[in-house]
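Colleague: Take a look at this one; I'll ask things after.
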Amino acid sequence: MAEKEESVKLLGFWASPFSRRVEMALKLKGVPYEYLEEDLPNKTPLLLELNPLHKKVPVLVHNDKILLESHLILEYIDQTWKNSPILPQDPYEKAMARFWAKFIDDQILTLGFRSLVKAEKGREVAIEETRELLMFLEKEVTGKDFFGGKTIGFLDMIAGSMIPFCLARLWKGIGIDMIPEEKFPELNRWIKNLEEVEAVRGCIPPREKQIERMTKIAETIKSA
C-alpha cells in the first residue's frame, strides 16, 4: 500500500517574526509546505477555525495535526523531520537554548519594543536597558559562527527573526542605532553570517516595507 502523501500548511504573515522562524525551519529541513498568507486585520475564517483560542499566526497544519506557538512548532518540526537538527542533543544545551529563546521573546521584545516606544522613563534609559539585555546575547554568541555552533539552530531562528529582521527595523525607523558594531561586534558578525544562510535569506521581510510598517506601529503605540 502506498504511503499517504504528507500535507504541510503554514498560516503566516510576512512581517511576523513568529511565522518567519517557522519558515526558516521548514526550509532548512527541506520540508515541502504550502504557505497561506494572512491579513491580520482581516483574519480569514480558516485562521479563526484553526486557532480560535489566540487567533494568531503561525499555525502549522501537518496532515490532521494543528500546531500553535512558534517555539512548540519548531520543536515539533525538529522531532518530526530528523535531518539537519536544530535543537542541541545535549540536555543542558537544549534547556539553555529554550531559556534564551524565552528571554528574547519575553524580555527583549517587551523592553525593546513597547517599553522603548512608550519611553515612560525616557528614551535614553530605555535604550540602555535594552542594550544591557542584548549584551547577554553578545556574550552568548562570542566565538561562535551561530548560537547553535557551526550551523544555524533553534536559537538562531528565534533571535534572527526577532532582532535583526524585526526589532532592528523598528529601531531604524525611529532613529536608534541600537546595535552599533563598536559595542556589539559579535552580534553584528552573527547577523552577517545569518544573512548568508539560504534558508534564512528567503524568510527576511523586505527591509524598507518592514521599516515603514514598524514605524507606523510605533506611532500608534506612542499616541495610545
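Just so you know, glycine gets a Cβ as well, placed from its N, Cα and C.
Computed from a predicted structure; not experimentally measured.
The domain 'GST N-terminal' feature in Swiss-Prot is assigned to 6-85. Swiss-Prot lists Ser16, Pro17, Asn42, Lys43, Lys56, Val57, Glu69, Ser70 with the feature glutathione binding site, giving similarity to another entry as the kind of evidence. Annotated domain 'GST C-terminal' per Swiss-Prot: 90-217, in sequence order. The feature phosphothreonine is assigned by Swiss-Prot to Thr151, with similarity to another entry given as support.
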Colleague: Looking at the recorded positions Ser16, Asn42, Ser70, Thr151, which one has the fewest other Cβ atoms within 10 Å of its own Cβ?
Modeller: Asn42
Colleague: Which residue, of the binding-site residues Lys43, Lys56, has its CB surrounded by the fewest other CB atoms within 10 A?
Modeller: Lys43
Colleague: Summarise the domain 'GST N-terminal' (6-85) as counts of helix, strand and coil residues per DSSP.
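Modeller: Within the domain 'GST N-terminal' (6-85) the tally stands at 33 helix, 17 strand, 30 coil.
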Colleague: Among Ser16, Pro17, Asn42, Lys43, Lys56, Val57, Glu69, Ser70, listed as contacts of glutathione, what is the widest Cα spread in Å, to the nearest whole number?
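Modeller: Answer in Å: the longest Cα-Cα distance is 21.
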Colleague: Mind looking up the mean pLDDT for the domain 'GST C-terminal' (90-217) in the predicted model?
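Modeller: Here the mean pLDDT over the domain 'GST C-terminal' (90-217) amounts to 95.
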Colleague: Using DSSP reduced to three states, classify Thr151 (phosphothreonine) as helix, strand or coil.
Modeller: coil
Colleague: Hey, which of the binding-site residues Pro17, Val57, Glu69 is the loneliest by Cβ count within 10 Å?
Modeller: Glu69
Colleague: How many Å separate the Cα atoms of Val57 (glutathione binding site) and Thr151 (phosphothreonine)?
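Modeller: Answer for this pair: 27 Å between alpha carbons.
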Colleague: Cα-Cα separation of Ser16 (glutathione binding site) and the residue listed as 'phosphothreonine', in Å?
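Modeller: The separation of the Cα atoms works out to 23 Å.
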